[in-house]
């Protein structure tokens, strides 16, 4: 009897111990209700808020697995990386120009934590959205040359901190022959970071291709070296590529102020575009496009062009499509070339509103270009224009006449690539992808903005019988888009500049264009630097712009009479 009692007590003890272990290990948390769980109520998984559910999934699964994972010898997790030791040796000394090295305020950059908090700038709908659980992992390729260590470190840490661990296969840093090899080498201690160093300066395109060739994941993510990734930035990008491997997708690029490093959310109503000078610009969506998105403001945005610094792409599609033009140098024009190539060869470009990544926008480059930045950009741009733009390349040469004098090298392999991929003509691109870009008419002598210094001729929103004025050039067309025709009319849509009174000081009016109306006849004189009214021999003048509008005055050397079209089609 005593023996049986002893056995029962032992069994009871083991049973209690087992229950305690079960509760402690989390298996009975639903039964226990948890601290503050509310009167022992069971928390049903289907009733948990989606965001909380996602966090629970990560914390109970991926992060636990990551914490148990053994790191390779010499590697550390990013929270254990010594930021002070890495950044400290390159900090700006007292009296030094904080902008000298990087063309942004390095002192402010160096003050920030490598994992600083930034505002979540996503739309509310994005914060409630659930992403596919079977997304492919990505290799993140970051190229740099003499980047500020604090900015480079924040880029790497933000990728690791703001991404589900299982979606980051690796971060490949390609050091494009920086002066100090340790800028990259020291970061190789961080988990998942691989460092490749060029043995000479190669430039952005060839460096990115080297990183892509070394990548082990099926999806490539290209980032600049002065970025900060926002909450759940990666999942929406990977999801779009997983659904269609011919999509090339970019986040909304938020602004990191170059002076104080404040993080500011960018508008979600922008698309990438360009003028005929082939310089990238941001275009606002048309009112019709904005209205069509009111029901789903976080839907992907088809964009004619990507900025080029930040995008995600299927690795095999990147290879099939011809990677980058390896004959392009340093920086510039590569986003133009890859955008044309993707669209014309069967792919598409998208901006994904639920993905946000901050980027430091600078006013000038901190590094040197062999032969000068203008020459390198013109050479790269000419290569893109000659391969992809067909006869429309002539509008580029009209906008940038000096580009004709810049040798662009051999493009035979790129022309063969275009033929092999059965790519569409540029006319198709203009009609189907970028109809907003105005194409000069065959009757036009000059086209585009009519510039006077930093100001441009502007309708000021006026219509028939309204005056015209000048306004700061915005490079967005619209009220500042004009054409000088072979019939000598200065046109804005169906309205023409009209001299109502042929006396000096008379205001110019917008009136409906009429054939053979002498009041609407203009010609360019003095090397296309002035506009003279044919009937009165008076010149277009802006001296009275602030007091009422533009006028005609006796032609003279005044700066108020200097005007230049962005495209002169007859040089």
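A Cβ is built for glycine as well, from the same backbone N, Cα and C atoms used for every other residue.
Proximity of residue 201 (substrate binding site) to non-local residues of its own chain (separation of 6 or more, Cβ distance below 8 Å) is seen for 145, 176, 177, 330, given in sequence order. Feature annotation from Swiss-Prot assigns substrate binding site to 143, 176, 201, 225, 331, 362, 365, 367.
A helical conformation is recorded for residue 126 (disulfide bond) in the three-state DSSP classification. Residues near residue 126 (disulfide bond) in space but far in sequence (CB under 8 A, at least 6 apart, same chain), listed by position: 232, 236, 298, 353, 354. For 126-354 (among others), the entry in Swiss-Prot reads disulfide bond.
Taken from Swiss-Prot, the feature disulfide bond covers 345-423 (among others), and the record attributes it to experimental evidence. In the three-state DSSP scheme, residue 345 (disulfide bond) falls into the coil class.
The 10 Å shell around the Cβ of residue 456 (disulfide bond) contains 24 further Cβ atoms across the protein chains shown. Annotation comment: Swiss-Prot describes 456-473 (among others) as disulfide bond, evidence class experimental evidence.
Marked as disulfide bond by Swiss-Prot on the basis of experimental evidence: 496-513 (among others). When Cβ atoms from all protein chains are considered, those within 10 Å of residue 496 (disulfide bond) total 25, not counting its own.
Among the features that Swiss-Prot reports, disulfide bond is placed at 539-555 (among others). When Cβ atoms from all protein chains are considered, those within 10 Å of residue 555 (disulfide bond) total 18, not counting its own.
Residue counts for the domain 'Ricin B-type lectin' (443-566) under DSSP (helix as H, G, I; strand as E, B; rest coil) come to 12 helix, 55 strand, 57 coil. The domain 'Ricin B-type lectin' annotation in Swiss-Prot covers 443-566.
Annotation source Swiss-Prot lists region 'Disordered' at 53-74.
The region 'Catalytic subdomain B' annotation in Swiss-Prot covers 300-362.
Within 10 Å of the C-beta atom of residue 513 (disulfide bond) sit 19 other C-beta atoms, taking all shown protein chains into account. Note on the domain 'Ricin B-type lectin' (443-566): its mean pLDDT in the predicted model is 93. Of 143, 225, 331, 362, all annotated as binding-site residues, the residue with the shortest Cα distance to residue 423 (disulfide bond) is 331. The shortest Cα-Cα distance from residue 143 (substrate binding site) to any of the disulfide-bonded residues (456, 496, 539, 555) is found for 456.
The number of other CB atoms found within 10 A of the CB of residue 473 (disulfide bond), across every protein chain shown, is 18. Counting residues per DSSP class in helix, strand and coil order gives 17 helix, 20 strand, 26 coil for the region 'Catalytic subdomain B' (300-362).
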